[in-house]
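> Grabbed the feature section from Swiss-Prot, which reads as follows:
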| type | residues | note |
| --- | --- | --- |
| SIGNAL | 1-33 | signal peptide |
| TOPO_DOM | 34-944 | topological domain 'Extracellular' |
| DOMAIN | 257-311 | domain 'TSP type-1 1' |
| DOMAIN | 350-403 | domain 'TSP type-1 2' |
| DOMAIN | 405-458 | domain 'TSP type-1 3' |
| MOD_RES | T605 | phosphothreonine |
| DOMAIN | 756-935 | domain 'GAIN-B' |
| REGION | 880-935 | region 'GPS' |
| TOPO_DOM | 966-976 | topological domain 'Cytoplasmic' |
| TOPO_DOM | 998-1004 | topological domain 'Extracellular' |
| TOPO_DOM | 1026-1048 | topological domain 'Cytoplasmic' |
| TOPO_DOM | 1070-1089 | topological domain 'Extracellular' |
| TOPO_DOM | 1111-1132 | topological domain 'Cytoplasmic' |
| TOPO_DOM | 1154-1162 | topological domain 'Extracellular' |
| TOPO_DOM | 1184-1577 | topological domain 'Cytoplasmic' |
| COMPBIAS | 1447-1462 | compositional bias 'Polar residues' |
Amino acid sequence: MRGQAAAPGPIWILAPLLLLLLLLGRWARAASGADIGPGTEQCTTLVQGKFFGYFSAAAVFPANASRCSWTLRNPDPRRYTLYMKVAKAPAPCSGPGRVRTYQFDSFLESTRTYLGVESFDEVLRLCDPSAPLAFLQASKQFLQMQRQQPPQDGDLGPQGSGDDFSVEYLVVGNRNPSHAACQMLCRWLDACLAGSRSSHPCGIMQTPCACLGGEAGDTASSPLVPRGDVCLRDGVAGGPENCLTSLTQDRGGHGSAGGWKLWSLWGECTRDCGGGLQTRTRTCSPTLGVEGRGCEGVLEEGRLCNRKACGPTGRTSSRSQSLRSTDARRREEFGDELQQFGFPSPQTGDPAAEEWSPWSVCSSTCGEGWQTRTRFCVSSSYSTQCSGPLREQRLCNNSAVCPVHGAWDEWSPWSLCSSTCGRGFRDRTRTCRPPQFGGNPCEGPEKQTKFCNIALCPGRAVDGNWNEWSSWSTCSASCSQGRQQRTRECNGPSYGGAECQGHWVETRDCFLQQCPVDGKWQAWASWGSCSVTCGGGSQRRERVCSGPFFGGAACQGPQDEYRQCGAQRCPEPHEICDEDNFGAVVWKETPAGEVAAVRCPRNATGLILRRCELDEEGIAFWEPPTYIRCVSIDYRNIQMMTREHLAKAQRGLPGEGVSEVIQTLLEISQDGTSYSGDLLSTIDVLRNMTEIFRRAYYSPTPGDVQNFVQIISNLLAEENRDKWEEAQLMGPNAKELFRLVEDFVDVIGFRMKDLRDAYQVTDNLVLSIHKLPASGATDISFPMKGWRATGDWAKVPEDRVTVSKSVFSTGLAEADDSSVFVVGTVLYRNLGSFLALQRNTTVLNSKVISVTVKPPPRSLLTPLEIEFAHMYNGTTNQTCILWDETDGPSSSAPPQLGPWSWRGCRTVPLDALRTRCLCDRLSTFAILAQLSADATMDKVTVPSVTLIVGCGVSSLTLLMLVIIYVSVWRYIRSERSVILINFCLSIISSNALILIGQTQTRNKVVCTLVAAFLHFFFLSSFCWVLTEAWQSYMAVTGRLRSRLVRKRFLCLGWGLPALVVAISVGFTKAKGYSTMNYCWLSLEGGLLYAFVGPAAAVVLVNMVIGILVFNKLVSKDGITDKKLKERAGASLWSSCVVLPLLALTWMSAVLAVTDRRSALFQILFAVFDSLEGFVIVMVHCILRREVQDAVKCRVVDRQEEGNGDSGGSFQNGHAQLMTDFEKDVDLACRSVLNKDIAACRTATITGTFKRPSLPEEEKMKLAKGPPPTFNSLPANVSKLHLHGSPRYPGGPLPDFPNHSLTLKKDKAPKSSFIGDGDIFKKLDSELSRAQEKALDTSYVILPTATATLRPKPKEEPKYSINIDQMPQTRLIHLSMAPDASFPTRSPPAREPPGGAPPEVPPVQPPPPPPPPPPPQQPIPPPPSLEPAPPSLGDTGEPSAHPGPSSGAGTKNENVATLSVSSLERRKSRYAELDFEKIMHTRKRHQDMFQDLNRKLQHAAEKEKEVPGVDNKPEKQQTPNKRAWESLRKPHGTPAWVKKELEPLPPSPLELRSVEWEKAGATIPLVGQDIIDLQTEV
């Protein structure tokens, strides 16, 4: 039994030792040849073909290097698994770089991409010292640890203690792993699980080995039998954790409750050479609860050591010691074996054996224990071997009770993985049995955690991401400028993720030091000024040596040199240009033939040049200065920026910021150029841009192309004409423009991707680029079908180009299939006028067209067809010319053509306005024409004869109409006439602006103003037609109020068009007002609707109003007044005729202005415009009755003025203050009264004052009352005329001795004159008889105001007449009896509204007069009485008392020349007057006069309180009194009027005057009110 137990010992020892030595040998070889990987740096390590190894971080990742890596390659991921053990540093990481660990499948060197990357940073946690050991398991092709770059470049600094860690790696086969590899892997697993917890799970997920207590178990004897890759425990399959028994035992003997303790360390080798033996032991801990139960297995094991041979002289003596074993069975269990084999007991008599050692101390201080003793066998070469055991054991009893320590129960099964896919966690737990009898508690973890990785997550796309950049490489140049590079790797995408975006390499400039530079001469400077200006001298120039630098050699040669100068003769005084101050610059004296130069202004760089020349007589004179070398600061900056970008493009650097430069140049060029040098600078910038576009590092964008073309268009603007002419004088600079455009077409056609067709339309050129294959080419026409130009001038192109498809044939079949052609066509709008070919006899008579084909064809089998439209009228000998710089001067060609040539083109005239050119070369083409000897160059923009005739005829007819209306204005003044005058003015202004706009197309400011005003006057003409219709409608409906309506008419006629134009200009900022071809609204952008919309609205509203007026005219209850109906019909007919004709006129005007070349539109406009003028004159002048009557009256007035019949002969100059109406009627009536009063019939005078209509209430009153007996006459017919009339039937009135007028003063505000004498009784009776007789000669002269005679209350007892308030122009004819003998002093009568005959109530005979009042002291009459207020017709006549001061006897009128027929003629003017218009509204003026009355009452009360009224002077005239009020002379109180202070009872027949008829009232009548009198309905 002892031999059997000892036999397996050498096998168990030698096999692992041999495998371990083999691994150590491979490890040593790997360490010597570690740097065999593909890395490009020394700190890159690739390990492959090795199964075990070790390295430290200090060796693999040195402190002075970054981006170092260590890579372990798996021989075959399907057969092997990589394991790694990392011993972390005790301190946290402190170095600048972080070490990352990950596995990957492969690495693509071309894109620096890692495929299948999986990081282990979460598993290892190298910078976390809380877990000293970390383990991981990798199953992919490569396992790599890489040190990342620190955040900033520079010195990495010393490596901290926390950055030093050590790594062991192991490659284990998945099937049949070696025993030694399993031993090491099981120990790693034991340590991994022992140190695992929730925050640090174990990184070893599974092993192919059967692990048991940290060792590789024997599959034959172990109860844990591995089958394949699983271990069985109690017949249940599990993972590698089932192969472990105890993970908490330590070498100190504190472990589980029973079983073997851990092995001790290996002892010293028994021999120094020749092969020795090392041993180690372990102790057995008895199982709890099983008394006397031992452990199975050996207590001690050994291994060979120091097997190297000993020296020849060395004698070795050895102590042999065999492996011993013990049996854990009890003594009773041995039975007969003790007798058969013998129980270990002391042996004596063996000479070779030493004595037994003393028994050891009992192994247990409590309970049953063991004691051992040993002995050694000392043998020699001549002695025999020892017999018997060398070690003995015996039981020792102890009566003390042993403490029972806490014991762990079995581990629970591992939990499920925390994640269904990807990396997760698993854990298991165990419980501790509590200790007894003072035993120790359980030691070790209660829970273990490890990683689990069931399967990769499907369908979750992982995008690729870049790793950090590597450090910059060393500079490529040891001095001066060099380059550095750095790279980065991409962690490739997974499951369809996106690739890494960006570059994996970066380059930067580096500079280590300056290289030595030898000195180098710069170019010679320009020669200095000559020492003398003439007669021979010298001039000097010098050069500068640049360098040397950084130790280079100096320049060789002279620094300056001299030459002779000034050999010409000195000029005479007349050959020298004097000093001149021109253009704010002082030009010094300069000889003829030389050029003076001064600096450009502050906003530019360069020089201003001015040449001094000799005239034909040999006298020196200054030529105009040229600014060809002056370049503005902005253009100079753009030019320098472009040159910098070109330099970068030539070095192969990518172009950044080129688009911004083009955009900046576009913005600057839109503001115009200041100097001719700006043009050349811009061309230079565009040429450099073309070279940049040609480079492969920059591809032009569509925005760049558009900006490029727009810049060229800005250069060709009309504002730059003078600068182009100046540039042409210095040289043929136009050829640079042609070359620039040709190169641009070439570059764009072949550099832009996906370019098919491109059209660029600007204000001054059109660019068309076509890219097409040669195999499928067709004829190209310019413009192509479906042309949609945005510019007005190019919308209807007048010039055409046809390129035959035969041009694109190369003649080679192979080349035709792959050839691509680019065709560029450029139409220059006004370049021809810039090319300095205008002479006295020749001119470029077309636009300029350029045709380019790239690559250029060998020849043109079919010539180009180009059709040109002529630009000038009156030209002959149209000749096709082309731009050809290679064509030399020809004797047959005109010398002034310059680079233009007529060779290669054939001219085919089409018509008077078009010419076709057939050319066999590709170039730039135009038409050269000969001016007629008697013709001047007539630009199409000059107004044509048709427009001039149409506008002139219309304007003249309308102007004649205005003159007629002005001449008879006082007869026809009305709203309708005002509207017509404004309407005519708007049409006349529109015609003038049309002609002006045709000549100002080149002046942008004037053209914009013309377009805006033309827009305004066109709309105003429509609005005035609408105003006329509105006025007619208001008159028909009876809502016409003169002052208010006239203001609205003006707002509609002028205000509405002004508002529309102001809004349009404000919103568009005047863009669209005027174009390059005409001064009118642009057809683009919708601005034209600002005219069409309002005009259409006016037409629609006018139609609606016309329908309403027509409905009113034809209805039964419509207009009753015949004359008003006739006028309404005339106005409606005028609108129906004029409005359509006006719309047609302006439509044809817009077409004629926008399309100048269409003769049809111009003829239509001329016809419509002329017809419009005639129709307006016909409708509003010839066929209008009012105008006819007004003209007749005007002629009669002229005749009467020639005969002396004027109103200027009135008394006291009153005619100068009266209106025309008052003059005529007053003169007529006074003539009739003075000549024969019977001849003045009622029909003659009342017809003049007849109103066309009365309010309904007044009509009812008149219908109910008795027939009227009062008739109206003008208010200014003086009573003096009746007083002295020889045919007045009354005759002189007798004087009544008993009549008197009593001045009553009572509480009333004003005094009243009371008539109570016989004269007033006589007046009452005569008044009654006059009503009964109703003779034709009875009449009443009333003021033109609308006074009303109303019936008085019956209870009033007296007839009170207020003499003070009696209007001075009121006269009542009482009787025609021949026996009447009282004077013509009449009481006032009241007038019904509107001057109609009043309704007179019956007059009752007055009661007997009351007894006379007591006598009083007579009060002297005041020096003057307040004059009566002048009514509308009362112009202020003198007092009714004739006297020397009245002027009645001093001035006589000759009225015999005025007949009744003259009055009949004059009455027609005023037949339609409505005197109700004087006040507009009765209510308004009643309120106004009530206010005035209150003021007068207040003034009267103050006057009554102040004593000495008789001595007070007359009050000063108030400001609101009219001028004619000052002409009223004061009059005294009549002699037959008595003043009484006591109050008298009112008379029942008292006639009360209206408030505004009182003496103190003042009618606020202004000039506008007087005009309202003349208003027509």
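Just so it is clear, glycine is given a Cβ too, placed from its N, Cα and C backbone atoms.
Note that this is a predicted model, so its numbers are computed, not measured.
Neighbours and distances for these, please.
In sequence order, C630, V631, I633, R636 make up the list of same-chain residues 6 or more apart from T605 (phosphothreonine) whose Cβ falls under 8 Å from its Cβ.
Mapped onto DSSP classes, the topological domain 'Extracellular' (1070-1089) shows 1 helix, 2 strand, 17 coil.
For the topological domain 'Extracellular' (1154-1162), the model's pLDDT averages out at 73.
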> Using DSSP, how many residues of the domain 'TSP type-1 3' (405-458) fall into helix, strand and coil, respectively?
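Tallying H, G and I as helix, E and B as strand, the rest coil: 0 helix, 19 strand, 35 coil.
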> If H, G and I count as helix, E and B as strand, and all else as coil, what does DSSP give for T605 (phosphothreonine)?
strand
> In the topological domain 'Cytoplasmic' (966-976), how many residues does DSSP put in helix, strand and coil?
8 helix, 0 strand, 3 coil
> Using DSSP, break the topological domain 'Extracellular' (998-1004) down into helix, strand and coil residues and give each count.
3 helix, 0 strand, 4 coil
